[in-house]
Every structure is written in C-alpha cells, then in structure tokens.
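Chemist: First, the structure itself, so that you have it in front of you.
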Amino acid sequence: MDLGRRDFLLSAAIGSIVPVALTPHALAQGMPAPKPGERKLGYAIVGLGTYGLGVIIPQFVNCTHSRLVAVVTGDAAKGRKVAAEHGLSDKAVYSYATFDSIRDNPDVDIVYVCLPNSMHAEYTIRAAKAGKHVMCEKPMAISVAECESMIAACKAAKRKLMIGYRCHFEAFNLEAMRLARAGAAGKIRYVRSEHGFVQRDPSKWRLKRALAGGGSLMDMGVYSLQAARYMTGEEPIAVTARESTDRSDPRFHEVEDMIEWTLEFPSGAIAGCQSMYSANQNHILLMGDTGRIELEPATRYDGNHMWTGRDGRERELTPPPGPRATQFAGQLDHLAECILTGREPIVSGEEGLRDMRIVEAIYRSAREGRTIRLDGRA
Ligand code: NAD
C-alpha cells in the first residue's frame, strides 16, 4: 500500500478511512477568531536569552492577536536596547527585582517565562499573583510538586497557564498527527523518537542540576516524550528506562548525557524514546501495521521533513499551509485567543504536569533498574 498524500486523499474519498473525532488540535486550528477590533493581547517576555530574545520576540510580527509590550531582564542596558528596537519605552523594562510591579501595567496580559528550568515555577507563580496569564517554556518545571503549585496558583488567580509546546502548532507534526489518527499507516504499533544535540560548554546552566533539574531528558527528551504521546494520542501505562553517562566527562558531572526509555500504551503500542547531549539527532518514526510516517528533522524551528511509505521513505510529503505563518505565531496567538474566547489552551499546565509525572518515572526507572507502572497497578 502506498501511503502518499494522493493515495491517502483517495482512500479518504472512497470512505475507507475511519472518521476521526475532532481532536484538541483540530479545535485549535478551527477556533473561532476573536471579534473584529478586539485588541491584541500584550506579552511580557521574561529572560532575554537565546530563546526569549532570539526566537520568540522576532515572532510578534507574524502574530494576529499578540504583541510585545514589556521585557524582564537582569541586564537593564540590554532591556532598554531591546525595548527601543521594538518601540517600547524604558518603563516597559523590568528587572527580576521589580518584576512584581508588572501587576500595575495594564498593557501586560501574558507573562512568557523563558528562563532556566528551575526558575519556571517561581516566575509563573509570581506572574499569576500579579494577575497575569502565563506562557511557560518547557519543561514546565523541575518536579511534579512544582507543576502542581503552578497550576494551583493560576487557578487561584483565575488566570490561564499554557506550556510552550510549539510542536502542537508545527505544520509537519500536525500533518503527521492527522495522518496517524486517520489510519494512514494502519494501527500504530511502534513509535520511535530521538532528540539530542552536542553540549560543548560544561559551564552552561543546562548542565547544572540546580538550574536544569536534569540533563538531556529535561531538555531534548521532552520532545521525544511529547511526540510519543501526541502521535499515539494515548497515555502510557508503564515505563522502563536506562541511562548511559560518562561521569568522568566534565560536562556530565551533575546531569545525565544519554537516557532511553520505553513507554507501553493501552492499545499495545510501544514507544522507544531517547535523548542525549553528545550527538545531534531529531527524529520521529511511526510504524503502523500497513505503513509508516517518518519525520527527520522532526521538531526543528524550520526545515523539517516528512515521508510516508511501507518499508521506508518512499514518498516525501509537504503539509498543506496552515492558518499561521509559523509555529511560534500559532503558539503565541493560541493563548491570546484562549483568553479572548474563554477556552483552555490545548497544551495547558495539566499537559506539562502529565509529562513531568512521566519524566520523574523515567528517572526512577533508570535509577532503580525496573519498570515503573504509570496506571496505578502494582
Ligand atoms: P539561555 O541561557 O539562552 O537564556 C536564559 C535567560 O535566563 C538569559 O536571559 C539569562 O540571563 C536568564 N537568567 C536569569 N537567571 C539566570 C541564571 N541564574 N542562570 C542562567 N540564566 C539566567 O537559555 P534558553 O535557551 O533561552 O532557554 C530558556 C528556556 O527556554 C529553557 O527552559 C529552555 O528549555 C526553553 N527553550 C525552549 C525552546 C523551544 O523550542 N520551545 C528552545 C530553547 C529553549
């Protein structure tokens, strides 16, 4: 069976594909637009690092319902420079010490936390207490307990909490999800996902346990774990993990380099996932009983590729253009739209918490050398 897009559409047309329930992703894409004239919601970006400054801030030009209104940084001169470049006054620049006074700035609707992982909980909770909605980067935090306190703080303040899981707005991942749900590869039996990059500098916060909460799993491993869950559409019932780290390497004195884990799903599907800090990789493979869907690179900012086939990469697919210019604009506007229309984000705090429960189980399984059940069974 050829699983090319043309054939997929053909089989859909002749009715051989099981109708798909409207997934949260479909709902997100088809969300009613905020009313005409409704103002753009204002974001304050906390942390002007590689991601906050280099990736997110340039994306507001692609947004329909979101705009940059403030920055929070430990470097006042950098903050003033970024503000000036984006037409903001010096008053839009906050330090970590003055952050709480953001409550008095009515232009700020949403605080976007782009800080090291161990600071996510503190700034999310402070933002909620200041009356702001929150977009928090992945991983949501460094423990289940922190995630729970973030959700509780946002609930108490009646504010929305969304996790920066940008792949839920990325065209190739959305198309692969759609194809998988529509049965284009048959019944999904096996998922593989590996993510990693080479960490060279031992002084980086990502290699410090207190700031990162862990190693490659907390960073790139979140993509492998997320992919296994959103591609199967199932929640894992058990996990078995194994870690391999050269602890004599100065980069890995505090955190793991390579970790692999197997997830078992209720349908019988298995996911083999992995992350590492000593090789570059970015891959998702779905194997069904009639074919396969493969993405490589799978979750990059751009330049992703996708193939379908029976035994290998037989046909390359380009997803249809989505409603958003980029995955980042989709992500930023989604939270703004949820606030304007009173919906819950498709990647809410609960979604980040679900991942963190599995992350803790992965570490525990690797430590104790045994399978950890996630479904409450002994
Ligand atoms: P970075 O090191 O480039 O930036 C971190 C920012 O935090 C800097 O502005 C730094 O000054 C500030 N900071 C404040 N206190 C700090 C401290 N004690 N130590 C170190 N930095 C401190 O990191 P980044 O790559 O921008 O990552 C930030 C967050 O964004 C992380 O949680 C990361 O997982 C996430 N991220 C997500 C994606 C994605 O694709 N969704 C990509 C990259 C990073």
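Residue 1 is the first one shown; counting continues down the chain.
Glycine is treated like the rest: Cβ placed from N, Cα and C.
Unlike curated entries, TrEMBL annotations are predicted automatically.
The following feature annotations were taken from TrEMBL:
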DOMAIN    42-165  domain 'Gfo/Idh/MocA-like oxidoreductase N-terminal'
DOMAIN    186-373  domain 'Gfo/Idh/MocA-like oxidoreductase C-terminal'
REGION    304-323  region 'Disordered'
COMPBIAS  304-317  compositional bias 'Basic and acidic residues'
Chemist: Reported in the order helix, strand, coil, what are the DSSP residue counts of the region 'Disordered' (304-323)?
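Modeler: Per DSSP, the residues of the region 'Disordered' (304-323) fall into 0 helix, 7 strand, 13 coil.
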Chemist: With helix taken as DSSP H, G or I, strand as E or B and everything else coil, how many residues of the domain 'Gfo/Idh/MocA-like oxidoreductase N-terminal' (42-165) land in each class?
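Modeler: DSSP composition of the domain 'Gfo/Idh/MocA-like oxidoreductase N-terminal' (42-165): 56 helix, 25 strand, 43 coil.
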